[in-house]
């Protein structure tokens, strides 16, 4: 075979291979596709062997075999991956009863669970396990021992519930970790690992969120202008094909009818002015009331945190006083959203716009609460740090404390007797853990009372009540998608903030998400009814992801601030004895890495290098922005061209029928009857 | 599961994986559900055609307002009675699966909505569509004026060449801009 023929054959083989890869994209009948597939595969098999003659034969055959194996491996891996995804059945059941919008919450929950599982694996494998396996055991050094004074009560249930006692001096919290530079036979650098895992948590979460956002943006098909195809979309895309339950289907019918009627009326009513001044006044009033309540809730939290600092000095606290802070924060998160909704009735917005306002307000509420809590907490931390500096001097004056690695000389006194300085990081960690736990408790209790008890009451009291409880006042609850999603997002924010000070927090969160999945699935199926009013905040997937991204950045700030500027406690945690936490990196560069890396890093940290790098990034952003604008303009031009082409086509339509795309499709449906006009018989 | 797997041999299984958007588990599950609908004496599941009313008993299709149209569109039977063979069933699941492309879904959606099979969506098609969506009972359907208004609005939005009907490319143009279509046009066994 000549070179030219071989090249042509190779091309044909490539074409057939491409056909095989894309055959599932063609809207043909299975039989036709099967026939084509078999044909193409036979062709490829037959000629691939023939092509293997001449130079590079072995290499070509090898390449072909590897490609085949790779494709098969990919397909098996995809199958395996889909089989591993948990809870498919559960979510499908929820989907068929409640439609895809409620199910999207559970899909989000599952995604969060996956992310937290990876974070847990990182923390557990790189920080907790090495300390447990290779570090000093409990009771060997002061930071790992319960102080003598607390030892009697250290096992009490109430003390453990507060995360004091044995809990406080365990791997759960920052204070337990020793600051030895390397531990064990493998010379594992624990402080470095601790810092890297802390920062790596954020890095991984960031990468995952952005990747998911990019994937969602792809499917969404770019921004369609909201009002462009309202009626057509309502017609063609409003039915949810996942619905498998008659009651849900009836609800869907009703809501579609309502939305049709509404939009028809909307079109006619667009000019209605009404009393615009009254409306404006009411809106301003509503916003003012809501700002007041947001301010009020922020102040309440600040006040309660200050009170809890006073409580810390007393010993005789009732259960309420001990848990006041967490209770107040969770209750605020529970009471304010319905309050906002009631106030928002004054505003009289279209429901979709009202939902956006509501979401924005709840977001502001959670954010305000979280940051007030943080500021109050850091106030406390600063006090502790100032105290501890004083104590540090007093300390060194009176005791000789072995701060660094010591496997040889035990301290002169029993570890339980050594007085420890205030360990502010553990205190912060304890606060976050308590907050998370109380948040979990409040959420579960709300579902139990607000949904389950309500359903039981409505179902059983209905027999002996004056009005129809099921149709009238309380009736069954609807699943609050936005409230639950926001709760999840903010819970994750708290985890991100607290994970640096309490490595056990991620494990607690994994357990929480796991139990939440089962509990909420059960609750939704047993006690909720499908929404009456179904409308999707259409690009809501990316909206919640964007919220998560924002919360990620906001929770990154406090942690990075502490790493960079606050001095670590001098006698607890993996960074004790250092001036700043990131000194551990400097130490590693100096001692562990070869000399030239140190000089490299010192050059890289030079402002003379960093400022041009920042400028370069700004220029890159500007360039990409202008390219994307150019693409958008090109898009517009192409659309106009398409429009003109269609007009031309319409004019030529009367002349050439058989070239019409639609006719081609029909021919496909009825392969035996050709719709083209029969050819005239040949003369002669 | 042993008997079903042996009836669907490995060669066919891998071919189906090439031809559809379904994974191996989904194809096996489809085969299992399909065999449950077969009458007892029928042993070769791959060539038998299940009649339409049996298919409509599946919970995923039972409450769908377009179930009959779906069966008619995917059926390749010569008598146009909506009966589905296993190949047709897989075609159906593939078009409605999560990984199917927008083009496939919009193509089949167009065929489903085209009640009179004339290749375009005319006024009657759109009217029937609206009636299906509103449940078909007397108290939920629209009045004739509302219906006319609605259809006028739709044609104004989507009919670019102003010939009074929506053809495939106009339909695909409208659908491709919709953010909800791909996620709602899904059926999972």
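Yeah, the Cβs are placed from backbone N, Cα and C, and that goes for glycine too.
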Under TrEMBL, the annotation transmembrane segment belongs to which of these stretches: A:450-474, A:575-599, A:600-624? A:600-624
Among A:513-555, A:642-684, TrEMBL lists region 'Disordered' at A:642-684
Among A:73-94, A:95-116, A:117-138, where does TrEMBL put the label transmembrane segment? A:117-138
From A:262-283, A:284-305, A:306-327, the residue range that TrEMBL assigns the feature transmembrane segment: A:284-305
Sort out the residues at least 6 away from either end of the transmembrane segment (A:600-624), same chain, that have Cβ-Cβ distances under 8 Å to it, and list them. 589
Could you give the number of helix, strand and coil residues in the domain 'TMC' (A:423-538) as assigned by DSSP? 83 helix, 4 strand, 29 coil
Any chance the transmembrane segment (A:192-210) and the transmembrane segment (A:543-564) are in contact, meaning at least three CB pairs closer than 8 A with a sequence separation of 6+? yes
In the same chain, which residue numbers or ranges, 6 or more beyond the ends of the transmembrane segment (A:117-138), come under 8 angstroms Cβ to Cβ? 144-145, 169-171, 176-178, 180, 183-186, 188, 190, 193-194, 196-197, 200-201, 204-205, 407, 499, 503-504, 506-507, 509-510
The domain 'TMC' (A:423-538): mean pLDDT? 84
